[in-house]
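Enquirer: Here's a structure for you.
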């Protein structure tokens with residue numbers, strides 16, 4: 001018998017994928033291997049993606065408000081659709097509940113789910129509610145849509161493409177560190193009030209209530225720019241960049257000083273004695289988009305405050321490196337810190 | 001605070017549905033309220049449905065082989081698509097696993113999932129694997145397709161329609177009783193071998209590895225018959241008939257002697273001192289189809305061994321009754337015995 005931990009999540013997914021038969025339906029354009037599956041929806045492509053969140057693994061209800069959790073559960077699914085350059089249309093929501101939850105808690109969770117449906121313009125069309133012996137389980141599936149000439153896979157980056165990220169990175173990870181620290185203080189002395197100051201509110205919000213970047217999908221449509229490749233940053237920039245490069249069979253150079261990092265992230269990183277760049281590379285859960293565009297297209301994006309160029313695609317797939325201002329280059333390795 | 005158990009699953013679903021905004025996308029044809037959501041897939045309708053199975057609630061791994069469980073998890077989702085008169089195209093599979101499962105167990109589960117994909121001609125296109133603190137969780141979403149002129153809702157039964165069921169009913173429930181009894185024997189004395197004889201194999205199979213009736217969907221297409229209403233029998237004939245009648249605003253008469261019941265079900269019902277008709281009405285988990293057809297259409301079905309006429313639709317929605325041979329009529333009430 002082989003221990004599941006020895007194989008790891010990536011190993012397990014590879015094992016499942018390898019044993020899975022190739023798609024047979026003409027409607028199936030792309031199966032396992034990208035942020036969402038792709039099917040032929042007549043004059044557009046349809047996108048299908050799913051995510052499961054488990055209490056004690058993906059969230060800790062000691063400090064995660066149910067309304068934020070509902071919002072986040074939808075947002076992380078929408079992020080997968082955005083990563084294909086698509087927009088969400090419908091979701092189904094399955095919830096497993098242990099009897100310790102009162103009805104009011106379920107209402108709160110669904111308030112957050114509905115707030116996200118409104119924010120991202122999604123129809124909630126179905127789902128399932130069931131008993132769970134142990135805590136809360138949320139499984140959401142999302143159906144999205146993308147014009148056929150705008151679909152963006154992970155595997156199609158080209159040499160010299162500009163590598164871009166949306167928003168800023170590393171904040172969600174430091175938000176989690178703050179919340180975990182306050183939890184320990186609270187557990188040691190339940191009379192202590194949490195000392196989460198205003199100056200930290202951005203980090204907390206990034207962890208508890210991340211936003212999917214459908215705004216950038218809209219913006220790219222308005223500018224008539226189709227990225228050459230795209231992936232969402234759920235497991236940290238390093239891991240996602242490696243996926244994108246490996247699936248595109250390309251290399252990359254990232255400039256560490258270009259990685260967009262918020263001031264609050266710098267301050268908290270200093271306090272926790274973590275390098276802010278490491279938090280951006282390996283922290284995860286930022287749900288920003290990582291994408292590549294042709295250099296001539298990038299000109300139309302370079303004054304956009306939501307998008308930052310952090311490097312470029314190279315030909316040698318064995319060279320995926322972080323470059324410092326001083327010109328030093330170090331290989332980028334995946335090192336997720338969080339489960340999920 | 002209100003206890004979740006006081007509200008019940010149906011009450012909770014109603015509460016969620018009532019608070020959910022009406023669909024806004026022109027692509028959304030039907031949201032919550034039928035076996036699957038319906039969207040406009042160009043020259044056909046698309047169907048989207050989801051189900052979550054939780055260890056200790058929906059299955060007991062003491063007697064459920066993982067391969068059968070994988071098959072069943074797909075089949076119950078396919079059954080929802082069949083209930084809309086559609087056929088499945090793609091599924092996504094999310095699995096939550098505690099570390100007690102070795103890799104070989106995951107392989108077995110996926111063997112069953114893949115066997116079902118082959119049996120029902122489905123592309124496995126994505127999913128999610130995650131850690132679970134407590135046992136196995138399987139959440140499957142299925143994308144299906146149905147020609148626009150063949151879609152069948154629950155809410156459109158008409159007066160005088162013939163009420164039909166596929167296969168036979170009550171067997172899955174008695175299969176569960178057998179398995180539970182053997183489990184108790186085994187727990188009392190682990191050296192005892194289970195005494196599940198050949199004569200009981202049909203009941204066990206119905207419980208462990210039910211089949212979705214896509215064969216009947218194909219047959220109805222071949223005969224060019226579109227049912228007026230349809231639902232799948234996951235919670236027992238009584239509960240599903242009540243859903244169909246209420247959503248159609250009609251009544252029904254069911255003849256108890258017409259309800260199709262297998263010989264093995266009769267024998268086991270006798271042994272467990274359960275009425276076989278009660279097992280058919282309230283047992284659930286048979287995953288057969290309950291549908292209505294116009295009387296003139298039924299003529300072309302009446303020699304079909306897979307389909308049995310059990311009654312007819314009436315005008316008065318307050319009269320949903322079971323009629324005996326002697327002419328006695330009793331109201332049909334929903335009384336699910338099982339969770340889920």
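In case you wondered, yes, glycine gets a Cβ from its N, Cα and C as well.
So TrEMBL says this about it:
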{"type": "BINDING", "residues": "B:35, B:80, B:232", "note": "Mg(2+) 3 binding site"}
{"type": "BINDING", "residues": "B:35, B:49, B:80", "note": "Mg(2+) 4 binding site"}
{"type": "BINDING", "residues": "B:50, B:51, B:128", "note": "Mg(2+) 1 binding site"}
{"type": "BINDING", "residues": "B:51, B:80", "note": "Mg(2+) 2 binding site"}
{"type": "BINDING", "residues": "B:58, B:337", "note": "substrate binding site"}
{"type": "BINDING", "residues": "B:110, B:127, B:128, B:154, B:234", "note": "ATP binding site"}
{"type": "BINDING", "residues": "B:235", "note": "Mg(2+) 5 binding site"}
{"type": "DOMAIN", "residues": "B:33-146", "note": "domain 'PurM-like N-terminal'"}
Enquirer: For residue B:127 (ATP binding site), which of the three DSSP-derived states applies: helix, strand, or coil?
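Expert: SS state of residue B:127 (ATP binding site) = strand.
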Enquirer: If I take the Cα of the residue listed as 'Mg(2+) 5 binding site' as reference, which of the binding-site residues B:58, B:128, B:154 has the closest Cα?
Expert: B:58
Enquirer: By the criterion CB under 8 A from chain A, which of the binding-site residues B:50, B:80, B:232 would you report?
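Expert: From B:50, B:80, B:232, flagged as close to A: B:50.
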Enquirer: Secondary structure at residue B:49 (Mg(2+) 4 binding site) (DSSP, helix/strand/coil)?
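Expert: Going by the DSSP assignment, residue B:49 (Mg(2+) 4 binding site) falls within a strand, counted as strand.
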Enquirer: Which one is it: of the binding-site residues B:49, B:50, B:51, B:58, B:128, whose Cα lies the shortest distance from the Cα of residue B:154 (ATP binding site)?
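Expert: Result for residue B:154 (ATP binding site): the nearest of the binding-site residues is B:49.
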Enquirer: Minimum Cβ neighbour count within 10 Å among the binding-site residues B:51, B:128: which residue?
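Expert: Comparing Cβ neighbour counts within 10 Å for the binding-site residues B:51, B:128 gives B:128.
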Enquirer: Test of understanding: give the count of other CB atoms lying within 10 angstroms of the CB of residue B:35 (Mg(2+) 3 binding site).
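Expert: Other Cβ atoms within 10 Å of residue B:35 (Mg(2+) 3 binding site): 26.
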Enquirer: Of the binding-site residues listed here (B:58, B:80, B:234), which is spatially closest to residue B:49 (Mg(2+) 4 binding site) when Cα positions are compared?
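Expert: Minimum Cα distance from residue B:49 (Mg(2+) 4 binding site) across B:58, B:80, B:234 lands on B:80.
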Enquirer: State the three-class DSSP label for residue B:234 (ATP binding site), counting H, G and I as helix, E and B as strand, and everything else as coil.
Expert: coil
Enquirer: I'd like to know which of these binding-site residues, B:80, B:110, B:232, is least surrounded, judged by other CB atoms within 10 A.
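Expert: Selected from the binding-site residues B:80, B:110, B:232 on minimum Cβ neighbours within 10 Å: B:110.
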Enquirer: Out of B:49, B:50, B:234, which of the binding-site residues has the smallest number of neighbouring Cβ atoms within 10 Å?
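Expert: Candidates: the binding-site residues B:49, B:50, B:234. Fewest Cβ atoms within 10 Å: B:234.
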Enquirer: Could you check what DSSP calls residue B:58 (substrate binding site) once collapsed to helix, strand or coil?
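Expert: In three-state terms, residue B:58 (substrate binding site) counts as coil.
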Enquirer: Measuring Cα to Cα, tell me the gap between residue B:35 (Mg(2+) 3 binding site) and residue B:110 (ATP binding site) in whole angstrom.
Expert: 25
